[in-house]
């Protein structure tokens, strides 16, 4: 349990607080509408469906307030920068922004379903009450009209005997906006599935921007005011005394005709702040979109990896950060995230792009056919977990395939820091693991490792950087070549002094080694790779951490885009 708290304690606390607020809002408003005396007559028409409709609405307001904030990337980068004085555990929560965004979206979907079903029942019961099917009291309440001054004092919004649920849905503000909101939400959620997002990105992009329609409908939805409560009259209407004699309403002083009013719309007060913040976010992105990006160098590496060295006025970055790139000639709408492989000390920024889909394939072909390069637009940079790598005494960097890119930036920055004898370098040791399926994938990164290897030897710091390369896919030809060149000082694949390993790492052995070599150290474990590997490493961090401050602790960090 102690090990688990080290890595997941704050995550769990935040989720418990979030879920606690959701539960509190649901229970509070359920009881408010189910027991509140001002809704006594309303419940005579609708029964418990009133509370079942209004309680989810309160939860929806809260979560719709939250849903936009995790995707305000510039805001998150600003917060990350302002949290430098705070603990890294707090900053690590910002890297789970998309997971929280999805979690909030699931809650919105669930509450929307409950809210919609309850209101469908409410409409049916409004109509039945209008037709007198629920008794004398419900019939009299449904027959109430506006007062003499034409103030809307009625209770039942169904004021015509010919109204049907379909007519109500498309002729009232609440009904029409409810239909629009529900359809928009269904399209947003279904198009967000992994298979659609990866294979049909433009479908995902277009439908996700239906959130504009969703929020517009959400703001106006409450102005329908179909849920109405009893208001105080002079003289007051004694509900306990009058509920059994509606025929005397307006005839005796104790029972004036009851009057009702719709609640003031409150949703806009919940969402206006996040909507303004998100609007500022998009304006900032648009300004950056208009800024010119120039090419410094274009390199085509083996394994269909394209290296772009780019220049942009006023551009500043930190290690491990990423940018979004757009190629208008391919699509003006598609923006894709790429981790920068350059160091902050360089006067340009670099991205390595692997062929992994239609967009990247088309970009690589266009650049190959146009030596001067095609038009590229850039947005960012945005912060990631890797920014914190130098805050740890010891760091374990794990990259899978092209997932090595954030660590290229880190290792380059280390080289510059050693070159300039930077006294602020806090990190004492780095363990670097790179897993690749093909031998060619190592080639574009081997040069940097060779430079670092030489630099460490010259400074007598050979143990500062320990790197292990793993080839997870090979054939008999590779095996035979390795056997022939086994006695050479350098690796036959990479040309490095560190020999390439075949197969996958034994993570238990690796973590045990790191713990043994670094007693009482705080170790940051950073991954840019597939979810399965993330799950494996996260379990190891929990397994080998210790709450005793005199022993080693592992903190897991994963890149999320």
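The count begins at 1 with the first shown residue.
Using the three backbone atoms N, Cα and C, a Cβ is placed for every residue, glycine included.
Per TrEMBL, domain 'FAD-binding FR-type' is recorded for 285-388.
Sequence annotations record features per position, and here TrEMBL assigns transmembrane segment to 12-33 (among others). Tertiary neighbourhood of the transmembrane segment (12-33): same-chain residues 39, 50-52, 54-59, 62-63, 93, 103, 107, selected by CB-CB distance under 8 Å and a gap of 6+ residues from either end.
For the transmembrane segment (53-72), the residues of the chain that approach it from at least six positions outside its boundaries are 21-22, 25-30, 32-33, 97-98, 100-101, 104-105, 107-108, 111-112, 114-115, 118-119, 122, 211, 215, 218, 227, 266-267, 270-271, 273-275, 277-278, 281, judged by C-beta separation under 8 angstroms. What TrEMBL records for 53-72 (among others) is transmembrane segment.
Among the features that TrEMBL reports, transmembrane segment is placed at 100-121 (among others). Beyond the transmembrane segment (100-121), the same-chain residues lying 6 or more positions past its ends with a Cβ under 8 Å from any Cβ of the stretch are 15, 18, 22, 46, 49-50, 52-53, 56-57, 59-60, 63-64, 66-67, 70-71, 165, 174, 178, 181-182, 185, 189, 192.
Residues 105, 108-109, 112, 116, 119, 123, 126-127, 157-158, 197, 200, 203-204, 207-208, 210-211, 213-214, 217-218, 220-226 of the same chain sit 6 or more residues outside the transmembrane segment (167-191) yet have a Cβ under 8 Å from a Cβ within it. According to TrEMBL, the transmembrane segment annotation covers 167-191 (among others).
Within its own chain, the transmembrane segment (203-223) is flanked in space by residues 64, 68, 173-174, 177-178, 180-181, 184-185, 187-188, 190-192, 196-197, 263, 265-268, 271, 275, 333-334, which lie at least six positions past its ends and keep a Cβ under 8 Å from the stretch. Per TrEMBL, transmembrane segment is recorded for 203-223 (among others).
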Residues in the domain 'FAD-binding FR-type' (285-388) grouped by DSSP into helix, strand and remaining coil: 22 helix, 37 strand, 45 coil
